[in-house]
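A short write-up of the structure that comes next.
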């Protein structure tokens, strides 16, 4: 057992020794501030170009505390103290806050929020691609209440569109881009109640293949929802949980192939080797399903079978950028959320770091002159780190103090609730007796729950590129797709962009017409 006095002594030592020498000089901070000021002054000249391309990065569950902790982790992975590190999203010039509540929930879920930031309207928790007039699980409240997404608006404008996720492709976030469902959990017809089936509602995997048949790129997990029940998985032949789930007997991957024009090149791949062997210049449509369910955590990923998020984004962009009219790409770092729900902060933060790497990859492959990039989260988590940790303290390490009550140490990372509530012999578990640096270590929580919960605070929105300045303050979450559509002249925002197809240069005044005068009918 670690002595409380030793913990405090170590903390004092680290505080003195981890201050970089250059930071002891006031001129370092003054020069840094002046450089930042100089860059800020350049922003007075706003980028009012048309956004030919729009990329939306969605970190599921990536609240501000997660962003900060991921920043420190990224720096420490590069052998720095961490706090001074800049994430790729930190480099974006415009930042806003998004209010995440659902129409019926103070603390939201990922389905209602996805409907907000993709379809432009707030909705009830647990529903996707429908207005708040639809009640969760009630199929008969769906018809007539469907709302379309920015992915649909982009496709209708002749742009290429893509979805890349580390979850299953029919999970909450991606499904709001193409589906209309009273329940986010209706992954296949196997998960639907008989009443919903009899009333004519379709499962989300079915809708993926039928609602917008020409989505150019789809990558993520979710193979088992595409195949008839008990169909053996190509990768996990002996795993019953990986087998097909569909009761209707449909092979949705074959159906996906049948919908593609014969003169186009469509490819289905199920592993990393096949994906990276593709020549994107000869791919028109791509479907990549790399796991039966969600993809593996980045720390657990098999380099032979599972591509990283960065690799999927690179392939997607090489395909989508061939369209001279531009593209819309939704990228989800979906397993940040799963790591937090399981209380596995190390998994969650490594997922966030990988998503940031994908953001950097996309930035290197596009230009701010014609590409609007937005990075945000759907909601936060009850994840925190603190305890007066010294500079350079491992983000997964101990705080330099002990509890006032049980005199035991604690990790800097803690959860408000979740599965990390551990009691040993009637007392809080002594973390010095366990491997708290393990990939699957569950950080301690204040309240015992099987799954840790979402947080209800605002989340950050980072933006760069054309019209990024429209994301500038505290906004309702459903405002985000209106900005993306306005910037790219799609959806309801066509009238002020009549010049866009003529090749003539826009005037800033034309692009800054009040949004209030625009008709919103095409959004719904």
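Glycine is no exception: its Cβ is also placed from the backbone N, Cα and C atoms.
Site annotation (Swiss-Prot): Zn(2+) 2 is bound by 337, 341, and the candidate from 263, 438, 454 recorded at this site is 454. When 214, 216, 251, 306 are compared with the Ca(2+) site residues 235, 290, 291 in Swiss-Prot, the one appearing in that site is 306. Binding of Zn(2+) 1 is attributed by Swiss-Prot to 110, 378, 379, and within the candidate set 60, 183, 185, 435 the record adds 60 to that site. Non-local neighbourhood of residue 140 (N-linked glycosylation site): 199, each in the same chain, at least six residues away, with C-beta under 8 Å from its C-beta. Around residue 332 (Mg(2+) binding site), a 10 Å sphere centred on its CB holds 29 further CB atoms from the protein chains shown.
For the recorded site, residue 332 (Mg(2+) binding site), the DSSP three-state label reads strand. Note: the Mg(2+) site is recorded as 60, 173, 332; in the same chain, 58, 59, 110, 114, 165, 167, 171, 172, 174, 333, 334, 337, 378 also have Cβ atoms within 8 Å of that site's Cβ centroid. Ranking the recorded positions 337, 378, 430, 497 by the distance of their Cα atoms from the Cα of residue 173 (Mg(2+) binding site) places 378 first.
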